[in-house]
């Protein structure tokens with residue numbers, strides 16, 4: 001097995017591992033019987049990105065991408081259902097899901113009619129933008145985090161594991177010289193490190209009291 005194949009498989013296995021990070025978040029939701037201070041965007045976005053990454057894997061004919069994202073979709077669907085069961089108001093959640101579904105359907109449809117010589121590049125650009133927006137979405141609350149000196153809304157398990165996996169995919173991207181994988185994961189590592197820095201700078205209020 002070549003170095004590229006080894007790194008690719010390690011990255012794929014590590015990615016599957018990160019899919020279990022939200023289990024800790026769902027555990028708290030079930031324990032508290034509430035979704036307060038929990039953002040459903042990673043679950044819905046995770047399902048949408050998994051579907052689009054499956055399509056990207058088909059376009060690239062990359063065996064490391066497809067099975068990982070099928071598994072990721074299934075797990076994110078389970079997390080979404082847990083969130084749905086315990087949320088107090090399901091209307092905004094279902095509205096978000098509907099929009100994500102329609103958007104994903106449009107992009108999948110686009111990928112089937114675009115010129116075969118152009119689709120891999122253009123679809124790669126679209127996925128890069130969407131992936132980075134999803135990873136960086138918690139930073140939309142940056143003002144509130146700094147103002148309240150509380151970063152508890154940031155999902156530490158998902159961010160910590162995500163930074164490690166992004167680093168592995170970055171190495172894989174360098175080995176196969178794929179510009180999209182390289183750009184996606186360079187920025188992903190930076191975004192994750194920024195969020196980890198905020199988590200350590202502004203820990204949960206309970207943590208502060210124990211100090």
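Each residue, glycine too, has its Cβ placed from N, Cα and C.
Per TrEMBL, the features are as follows:
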- 12-30: transmembrane segment (TRANSMEM)
- 42-59: transmembrane segment (TRANSMEM)
- 65-86: transmembrane segment (TRANSMEM)
- 93-111: transmembrane segment (TRANSMEM)
- 123-142: transmembrane segment (TRANSMEM)
- 154-175: transmembrane segment (TRANSMEM)
- 181-200: transmembrane segment (TRANSMEM)
Paired segments the transmembrane segment (154-175) and the transmembrane segment (12-30) in contact, 3+ CB pairs under 8 A: yes
Selection from 42-59, 65-86, 93-111, the stretch that has most Cβ pairs under 8 A to the transmembrane segment (12-30): 65-86
Range from 42-59, 93-111, 123-142 with the greatest count of C-beta pairs under 8 A to the transmembrane segment (65-86): 42-59
